[in-house]
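**Q** The structure's right below; bear with me while I get my questions together.
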């Protein structure tokens, strides 16, 4: 038998995905998948070919796919050993249109409609240095949305670890909402028209939950000289007409899939898409919380910075402070009034952020308000105690005051209290000494993580302020040129409106967090995980 290695190819290297712009000479953006084990097995290898090339091309507009498989030699069947039938394997992940002839794909590419727009409704648009982008929102019950999802779902296992496709034929398809991110560009053949280029998407699923009315007060049994009445006991339980709209019921909306494809990664587009989705559900009355299913670390970072940025715009959130008037006892339970918990809950519910996520961001905010002498930094002391400011570690630190040390101690107790509750079952299985040690290790890790995120948030906030200042300065200069208030004649005006003019296209927030290009699968059942579960 021939050497197996000679006939084995890395699936990740052989698989090439192309985004082809519509038109006779459409530009191609090529990239490889991040994972192929959900399709080709844990080893991510394909047996039976030499010089194997798997090309999955997409019409960058409507994402019509075309699959082609090329190779120089194919392994001849010997007994049970035979080459993998690649089209058959991929048929489970791609629609039938992907297996049509290449000329059909080319014809469709050339004949893409000039007036094509993404399915659904336009929700948001913004401009960055990378171009102009739009977010479109639609329901999976819409046939056009369903068709597009069928075409792009293979990207989920290829780029989201543990990602799985959603059932597009789900009878509850109307509970799925899809957000498409597209770049809108000027048509290369007709400057008066535009073309759309797919950049990413996200899916959100609504979970309905029952909110029981308050328990009515206990009433004494009727006496002999009283009469009982018949009729409805509680009119709140009236089911109403049969045409009741279930979409108005209270729900928890969960981000299940979230993907920015490689050509558009590292442009902060993931942050833009997440913020658009968040604001959409913030103004959606039935949604009581916006959750995320199995987020990866990059998505968590992007989400943390976005949530912190938004919450800092709320006076009620800014008003939450550590209560330094309460005493700290050497033994006994952690004080319950380190912060105003009732006020914090009001802010959390109004912001529709899950409990774990909200209190993590609140801890981050409170840490940023600690005195510089005690504030944990990226470089922390070996004992996991006070940090070194912003991590610069230069010069002598200011001596902490008694009040600053107390505020830091209370902040640390607040953090420990939440971590202990979150890990109660795991910590309860340990001896007391080991339990304390593990909790301290977790606290030290969380402090470092918060410091890292705060540094990034501060840097991005500073860049955002600089951009806003530049935009204001540019507007003032343009206004001066228009009014002639700077005393400069026509030549200056020509310079300002010619090559010297700089158009500010960034609408702000371009550098909010990393892309957070992917979030895990669309499974509907919640899972409990260490420091990573929303529920």
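All residue numbers here begin at 1 and follow the chain in the order shown.
Cβ atoms are placed via backbone N, Cα and C, with glycine included.
What TrEMBL shows for this protein is this:
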DOMAIN    7-161  domain 'Histone acetyl transferase HAT1 N-terminal'
SITE      176  site 'Interaction with histone H4 N-terminus'
REGION    215-234  region 'Disordered'
BINDING   258, 259, 260, 265, 266, 267, 268, 269, 270, 271, 296  acetyl-CoA binding site
ACT_SITE  293  active site, proton donor/acceptor
REGION    374-399  region 'Disordered'
COMPBIAS  390-399  compositional bias 'Basic residues'
REGION    459-535  region 'Disordered'
COMPBIAS  459-481  compositional bias 'Basic and acidic residues'
COMPBIAS  482-498  compositional bias 'Low complexity'
**Q** Whose Cβ, among the recorded positions 176, 258, has more other Cβ atoms within 10 Å than any of the rest?
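**A** Of the recorded positions 176, 258, the highest Cβ count within 10 Å belongs to 258.
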**Q** Have a look around residue 270 (acetyl-CoA binding site) and count the other CB atoms within 10 A of its CB, chains all included.
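**A** Counting Cβ neighbours of residue 270 (acetyl-CoA binding site) within 10 Å gives 31.
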**Q** Tell me, what is the mean pLDDT of the domain 'Histone acetyl transferase HAT1 N-terminal' (7-161)?
**A** 95
**Q** Secondary structure at residue 260 (acetyl-CoA binding site) (DSSP, helix/strand/coil)?
**A** strand
**Q** Between residue 293 (active site, proton donor/acceptor) and residue 176 (site 'Interaction with histone H4 N-terminus'), find the distance joining the two CA atoms and give it rounded to the nearest Å.
**A** 14
**Q** Is the residue listed as 'active site, proton donor/acceptor' helix, strand or coil when read with DSSP?
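**A** In the DSSP reduction, the residue listed as 'active site, proton donor/acceptor' maps to coil.
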**Q** Pop the Cα-Cα gap between residue 176 (site 'Interaction with histone H4 N-terminus') and residue 296 (acetyl-CoA binding site) into the table, whole Å please.
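**A** About 21 Å separates the two Cα atoms.
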**Q** Using DSSP, tally how many residues of the compositional bias 'Basic and acidic residues' (459-481) sit in helix, strand and coil.
**A** 23 helix, 0 strand, 0 coil
**Q** By the count of other Cβ atoms within 10 Å, pick out the sparsest of the recorded positions 260, 266, 268, 293.
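**A** So among 260, 266, 268, 293, the recorded positions given, the one with the fewest Cβ atoms within 10 Å is 266.
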**Q** Report, in whole Å, the straight Cα-to-Cα distance of residue 266 (acetyl-CoA binding site) from residue 176 (site 'Interaction with histone H4 N-terminus').
**A** 27
**Q** Can you tell me how many other Cβ atoms are located within 10 Å of the Cβ belonging to residue 296 (acetyl-CoA binding site)?
**A** 17
**Q** Look up residue 270 (acetyl-CoA binding site) in the DSSP assignment and report helix, strand or coil.
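**A** Looking at the DSSP assignment, residue 270 (acetyl-CoA binding site) belongs to a helix.
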**Q** Hey, what's the widest CA-to-CA gap across 258, 259, 260, 265, 266, 267, 268, 269, 270, 271, 296, the acetyl-CoA contacts in the record, in Å?
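**A** The widest Cα-Cα gap among those binding residues is 18 Å.
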